[in-house]
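Quick look at what Swiss-Prot annotates:
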- 9-29: transmembrane segment (TRANSMEM)
- 40-60: transmembrane segment (TRANSMEM)
- 89-109: transmembrane segment (TRANSMEM)
- 125-145: transmembrane segment (TRANSMEM)
- 147-167: transmembrane segment (TRANSMEM)
- 185-205: transmembrane segment (TRANSMEM)
- 230-250: transmembrane segment (TRANSMEM)
- 327-347: transmembrane segment (TRANSMEM)
- 354-374: transmembrane segment (TRANSMEM)
- 396-416: transmembrane segment (TRANSMEM)
- 546-566: transmembrane segment (TRANSMEM)
- 603-623: transmembrane segment (TRANSMEM)
Amino acid sequence: MEQTYQYAWIIPFVPLPVPMLIGVGLLLFPTATKNLRRMWAFPSILLLSIVMIFSINLSIQQIDSSCIYQYVWSWTINNDFSLEFGYLIDPLTSIMSMLITTVGIMVLIYSDNYMAHDQGYLRFFASMSFFSTSMLGLVTSSNLIQIYIFWELVGMCSYLLIGFWFTRPLAANACQKAFVTNRVGDFGLLLGILGFYWITGSFEFRDLFEILNNFISKNEVNSSFGTLCAALLFTGAVAKSAQFPLHVWLPDAMEGPTPISALIHAATMVAAGIFLVARLLPLFIVIPYIMNFISFIGIITVLLGATLALAQKDIKRGLAYSTMSQLGYMMLALGMGSYRSALFHLITHAYSKALLFLGSGSIIHSMETIVGYSPDKSQNMVLMGGLRKHVPITQISFLLGTLSLCGIPPLACFWSKDEILNDSWLYSPIFAIIAWSTAGLTAFYMFRIYLLTFEGHLNVHFQNYSGKQNTPFYSISLWGKGDSKRINKNFRLLKMNNSKSSSFFSKKPYRSGKNVRNRVGPFLTIVHFENQKSYSYPYESDNTMLFPLLVLGILTLFVGSLGIPFNQELDILTKWLTPSINLLHQKWNDSIDWYEFWKDASFSVSIAYFGIFIASFLYKPIYSSFPNFFLINLFVKTGPKRSLWDKILNGLYNWSYNRAYIDAFYTTSLTGAVRGLAQVTHFFDRRVIDGITNGVGVMSFFVGEGIKYVGGGRISSYLFFYLSCVSIFLLGLYFPVF
């Protein structure tokens, strides 16, 4: 066992050879490396599988012994300062390593097929492997300096993957938005690290916790300054985990490929903020007010994320706001001091959300058959519907993830979310009411996504939902370029090559470039109905994409058992996290009162079923061929006057669809102010700074010209200069001014 911990330092570096070899290969042998690009998926998956096996071994040992191991290498620069680097193995590290590796492997297997026809295949796998390396380095770090280094590397990888299709303006803007927003949090994190180093003189977690605890108990540190430093540390987690008010980058990050959305939302970037707060929780507990602040930010994010997801039409943006809300639950649990329930929900949510995002990728992949490679259309739930008949395996897996996130037993998220909801009553009744209400909203918007996607009829063939079929086709490449081409509707077989692809629903022409996926075999199959109209339909994804859905579906079914006690013994998660922090349950019993548990659980399940019922009532098409796409459609009156209720619903829809106008507020206030400041700075630089510099140059020129004539060797110039000086002297002597 000791040897296992001694060699744990290699965990972050095992996936690193893949991006290094890809970079060297592209530099020295670019043609051969590109021709053999598909082979790089195997070493990426293999190396991450080795880390997963190692992490499983560590986790088993942690469950059996609950030991904490830390190894440190010290580099002494002088007698007063030394740099220490090392790694820390504890229950939190083993849990995060398991999440990163298991979800990462599933995403890599999925991506091999999803990204097979993309020209950036090599760049994608290099970035993904380096992403795994950075995240594994973050969770094994033993001090704040290492945390910050890997924190920045995780951010860098996420920016590279969010802006993966950088020729698309929306993707480039999303990358910049994520970068700028996270700069705010990262700057606060850096200031907080420096502040605590100034207080304690150490970056090591153990030393930091012990010294700060002693200082606070003896009242040797300014509490206001300590609270400020803790709030700055928390700012980094707020930005990384998309908590209010630094959440605005998360929905725009959906411009990246769907597999990276799954990895970011399940086990890497947004989980990094939760990990940081969990790692520093012993520090936050001893500082006044900071725990209340964490729970306050968490509950706001819970409610805001759920309400913003209500009216989204983009399937990935809806799931993104769902992630934001669920991360708010985790942050709320950490702020309440319920360490176990926060990590439990982190585990269950990771597998459920990875399943949902990979399922959405399969849906998008199938919709691209019809609408082309246009994210505005392939991700638009308005154009979907009736996919249950065409992608049954994807539908079943997506339904599992949806029910899990809704909190339906016995799926994973039911067990973890129910713990957080019950703990919220012990912490604050107001927070509990908001948390329980949001549980109903979660069930509503998740089933709304499911119903709009899989139930009813395929709506892409109809324009404005009135039954009018579009006749022209258009295409748009994966890189944002497109080409218009009219195609005979009676063709039974359509094929796509490098420069042509086809789609329904738009009359807008696009010009096609060369960056289009190559696909072998028929592109569209046109089915003739009785009215002799031509249609095409989605198809199920390949087995390589369905296998990760199967594995994640099984995990979603059974991972909740980690937190269920059997035979009056401690559950696996409690053994795993022993000793852990739990401020709400100071006297934790080994046994559980199942009667009390099911009594509390029945209320949360009832709320979830109520949300599902409302969503089914509003969005499931029963009598009409088309579902009601907007929340207000059932309440719109034909008369000239609209009731107050209609106006409220319309305002709620607009508020949700427009992201609560927070982005608009930032644009008008912060962006406008920064632009105005930049213009003032530009004017000052050009007119004042450059004016002084240019003025000195012009003055030097004229002075030089004057000296040149004085000392030019001409007697007349000397006499003129001499007589002028004498005249000025005499005038000053005989006609004094004062």
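Here the Cβ of each residue, glycine as well, is placed from N, Cα and C on the backbone.
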Residue numbers, six or more beyond the limits of the transmembrane segment (230-250), whose CB comes under 8 Å of its CB atoms: 151, 154-155, 174, 177-178, 181-182, 184-186, 188-189, 191-193, 195-196, 269-274, 276-277, 280, 283-284, 287, 290, 293-294, 297-298, 300-301, 304-305, 320-321, 323-324, 327-328, 330-331, 659, 662-663, 666
For the transmembrane segment (396-416): best-contacting stretch of 89-109, 125-145, 327-347, by Cβ pairs under 8 Å: 327-347
Stretch-level contact, the transmembrane segment (327-347) and the transmembrane segment (546-566), CB cutoff 8 A, at least 3 pairs: yes
Contact check, the transmembrane segment (40-60) vs the transmembrane segment (147-167), 3+ Cβ pairs under 8 Å, seq sep 6+: no
Spatial neighbours of the transmembrane segment (125-145) far in sequence, C-beta under 8 Å, 6+ residues away: 8-9, 11-13, 15-16, 18-19, 22-23, 40-41, 44, 47-48, 51, 70-72, 83-89, 92-93, 96-97, 100-101, 104, 107-108, 111, 115, 151, 153-154, 156-158, 160-161, 164, 193, 196-197, 203-205, 208, 259-260, 263, 267-269, 272, 275
